[in-house]
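Student: Below are the structure tokens for one structure; questions will follow.
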Amino acid sequence: MNFAEVLLERKLLLIGSFVLTSGKVSPYYLDLRPLPNYPEFYDIVNQAIKKAKDIPHDIIVGIATGGVPLSAFIACNLKEPMGYIRIEKKGHGTNRTLELDVKGKRVLLVDDVATTGVSIEKATLEILNGGGKVSDALVIIDRQEGASQRLEKLGVKLHSLFKISEILDELLKSDKLKDNEKKSILDYLVKNVEK
């Protein structure tokens, strides 16, 4: 079973009509937060470790909540420091968004999915405010809806294990989707996915 089929089988990729954070209506939704519950996550971790080894950094920071499990596994395997960042303040306790000292450190940001790049952008700006440097971000899936271009303006390169076009191409070739689902997804890709 390829990763596209795993996503569908494990209900991490849902087909239907979903309103995204950006307000766009999408014919598919990715929810990778449950991925660590499945054995296929370890294949993803191994791919991410290989990518992370090639990216210069001093510390790994996971973006809550989706990026935290992956960043923890990468950091433990590479025996490197790790922390996490919240995009929104909790409103209680210390009210911090950044749960580590990044001053003077090169930070590798990790998240599960990138769509428009707003979450990674906010995390980058928070790290810069904390005195850290961000030149790279690593995600499992890039939805290819502008994240790489947004981050490029900040000097951040987006690395992904998979691009949504590759995943959906696999599913479109298979018999896993109904004809109307294929049409809806193809129409969405033509209008929204960066080339």
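Backbone N, Cα and C define each Cβ position, glycine as well.
So Swiss-Prot lists these for the protein:
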type: BINDING; residues: ARG86, LYS90, HIS92, ASP111, ASP112, VAL113, ALA114, THR115, THR116, GLY117, VAL118, SER119; note: 5-phospho-alpha-D-ribose 1-diphosphate binding site
type: BINDING; residues: THR115, ARG143; note: orotate binding site
Student: Give the distance between the Cα atoms of VAL118 (5-phospho-alpha-D-ribose 1-diphosphate binding site) and ARG143 (orotate binding site), rounded to the nearest whole Å.
Tutor: 13
Student: Cα-Cα separation of ARG143 (orotate binding site) and ASP112 (5-phospho-alpha-D-ribose 1-diphosphate binding site), in Å?
Tutor: 11
Student: Provide the three-state secondary structure of ARG143 (orotate binding site) computed with DSSP.
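Tutor: DSSP assigns ARG143 (orotate binding site) to coil.
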Student: Near the Cβ of ALA114 (5-phospho-alpha-D-ribose 1-diphosphate binding site), how many other Cβ atoms are there if near means within 10 Å?
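Tutor: 28, counting other Cβ atoms within 10 Å of ALA114 (5-phospho-alpha-D-ribose 1-diphosphate binding site).
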Student: CB neighbours of THR115 (orotate binding site) within 10 A?
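Tutor: Looking across every protein chain shown, the total is 23.
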Student: Roughly how many Å separate the Cα of ARG86 (5-phospho-alpha-D-ribose 1-diphosphate binding site) from that of THR115 (orotate binding site), to the nearest whole number?
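Tutor: With distance taken Cα to Cα, THR115 (orotate binding site) is 17 Å from ARG86 (5-phospho-alpha-D-ribose 1-diphosphate binding site).
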Student: Which of ASP112, VAL118 (the binding-site residues) has the most other Cβ atoms within 10 Å?
Tutor: ASP112
